[in-house]
């Protein structure tokens, strides 16, 4: 069992790599954003929040209250399919959320940070298409589906998210710098203490190059861990 966190700003490519790596190793791919949106859109969920306002927060790039997101993520990790390992994409975003993972006695084996320029992020996000149910991500230029607008696996329609525009992208990047960037120092210290392994990936590279680099990292260290 290997539990992995993909850390990086929106558009850094971590969602695409999460799908590829989870498929490669047969572990679960947990997209925090898609889990949250799905939960808020299903009427059987009853939150003490205004769901319309919460969806607006998500789409505008603002952080969602910990009281909402943390229980959803922990509940997802507790499901049986995650016992063989998982990738967390989009969570944690703050040190408080990282501590919540520890407090729930969930061990993390690897943290991968995707380092990428703002200009590359904007180019990647504009034109992105998402399969809502699975979180699989495509791009009309860089990673197109086999059929335009159709998910490769299910044949269901892909959508362009409301928050995938330049104005919201900049807002989300500002939020990332304000909160999430401190996770880099936090997890580097955890790595230095031997609690997990932390790596920085050049996210400006092509998808296939990043994928090969990740495979090399995991294969080498998983072999050592075994």
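For all residues, glycine too, the Cβ spot is worked out from N, Cα and C.
For the ATP site that Swiss-Prot gives as 11, 12, 13, 14, 15, 16, 137, 138, 205, the extra residue drawn from 128, 161 is 128. Binding-site extent for ATP: residues 11, 12, 13, 14, 15, 16, 128, 137, 138, 205, maximum pairwise Cα distance 17 Å (rounded to the nearest whole number). The closest partner of residue 91 (AMP binding site) among the binding-site residues, by CA position, is 15; the full candidate set was 11, 13, 15, 138. DSSP gives residue 11 (ATP binding site) a coil state; it is part of no helix or strand.
Within 10 Å of the C-beta of residue 15 (ATP binding site) we count 26 further C-beta atoms, all protein chains included.
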